[in-house]
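Report on one structure; see the data block that follows.
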């Protein structure tokens, strides 16, 4: 396995995702002789994982079972150890498309942070592209390097430990795209411009606050970027539910109930309140929005160097 | 790797995208071909050889001239009011009449100068606030300054263009939704992806761009052949098509039930050939149109899609002539040549069938006008375990059913029904706010991951899976009733 190439079977040294159930999973480094504890019991890597097919159901020691999944940048994003606030797949998707990334693209990124976006970028630009990522926090830079090695993508990425606002990306005139997720992106716009290819490229800056966006837009204009565009993307997730709504009793005679024009509830609707009330109900499937949703991650400002 | 770089210049025969403000239009780059875009006409001849991204001015006679960077001349009026308490709309603030403006335009005066004249002849301009002056200038510039940027097609540009111009042709798939699909589907180089779309080939193109010519794609199609009008706008190198396969949806059942074989396979096509050979006239025409949709909905079809109003008449006539010529050519083609074509198509069909039969695809992308449930239930059979799939639907309800049916079938986890909202912002000093208008809807996605389908225990595991993934169903019902 690697994050840029699918494999069929689980091998020693792989990073796999243990899927326990609804939104409950964690990554595991597969190693001979190692065991992993889950709430369903122990998983023995040598016998339960190595050699098995990705996507298999693995029975744990207590009889419960989990699925073992092939890693993807998206699963990694949901499970990686946070060293910073991270970007999630919804923002990552639009960033990737709006930066026009594809195999062969050269991308500059700062900061590396926890590597959530980095993994997605590497996946997209492989096998011929490259990611130059700059992280001013030494420990984080080191940790990111280690992860890229473990995930079999180190040949596609260069991690540099320096301050992008002061020292830039360490490359010039080679990037097709630049991404900034730093507190003061306006200080790095000049460096971004010189990292981009002479014939042009795309830039994106992610900022949670509108004041940051304003300064960034001004800097982009100053440096001659065009097509400056700020947007925000929000993910709405729906739970699929079967809902029963009671038909109100308006005092009609009981025998008239059949003529209300509704499909009366099926007898399978036991256990819910409706059954106790000896009333007709209407059942339907609904996509119910979550009670709470992420209302804001950050503004994404895109622009073109031409 | 083979695109972009130093070679990113406009070449004859390219499909280029014209951009004015936020409006895009894809056009073929051909010499002496009149283009009408945003109420202006011009020729692209002068654009050939320039780098993509160059901005041009339209001059007299429809020529394009690279725009020189000019310093803003309009800032000389530093005078501005503080509010609009004394500005009255008497309809007489502009001293230039319509005829005056027309005369200026007819004289071939540059748009920039017309805007300057409009400002000078506006009695209220100096009383307007600085912001209102800015807005006035922007509005006039948009109207009178004829600048066009020629950009290289990409998923970003084409999906934005299609959503704005022809949303019906792509089932209202908004570009941010398409972006989600590519990410949720983990589309990347080296994969083997099944694509079922009726989005004019836009989704296929987006997948091809992300795969960069590495790996393989099997496009499922209904009817006579896959539509690839939008795909052809991307200008992919030939190499990208080497591992692009197609397979008719109508043969999926037989493939799954193993009744699809080399013997039964070519029936449709062989029948066609037979009939055609018997009476070369009528059916010959049918065959032509069939092949048109299958192989060559390239430039003509693509352009037709992106053309509107006035232009259409011009181009359709041109296409008509071409079409007739083609038809005559086809008719003259020898039977032998046709047989070769049939054999070639048969070979490709067998190839696609054997790729599907391996049942090890790395992903499934569905975005069509059809009900998603039957598509998913069948096409998922061809996907390997632990691989993502994504289904787009313009409406939420079919995806609710699809969700339920997939749960019953088993072999899928992490099912998620979602939608994205997109909000654009105006960012200007002291005038930042969300844009007035946002898109009402860009469709819905159902995504998930395949797992090994444990047929023996499927019933009990399904129950558990349901418990696992619909945790608070009961509580929710109670809440609903209380409301």
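Keep in mind that glycine also has a Cβ here, set from the backbone N, Cα and C atoms.
Quick look at what TrEMBL lists:
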| type | residues | note |
| --- | --- | --- |
| BINDING | A:114, A:115, A:116, A:117, A:135, A:163, A:181 | S-adenosyl-L-methionine binding site |
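Working note on the binding-site residues A:114, A:116: by count of other C-beta atoms within 10 Å of each C-beta, A:116 ranks first. The candidate set comprises the binding-site residues A:115, A:181. Of these, A:115 has the most other Cβ atoms within 10 Å. Proximity of residue A:135 (S-adenosyl-L-methionine binding site) to non-local residues of its own chain (separation of 6 or more, Cβ distance below 8 Å) is seen for A:110, A:111, A:112, A:113, A:141, A:144, A:159, A:160, A:161, given in sequence order. According to DSSP, residue A:114 (S-adenosyl-L-methionine binding site) is assigned to coil rather than to any helix or strand. In this structure the residues listed as binding S-adenosyl-L-methionine are A:114, A:115, A:116, A:117, A:135, A:163, A:181; their two most distant Cα atoms lie 20 Å apart. Taken residue by residue with DSSP, residue A:163 (S-adenosyl-L-methionine binding site) is part of neither helix nor strand, so it is coil. If you take the C-beta of residue A:163 (S-adenosyl-L-methionine binding site) and look for same-chain residues 6 or more apart in sequence within under 8 angstroms, you find A:136.
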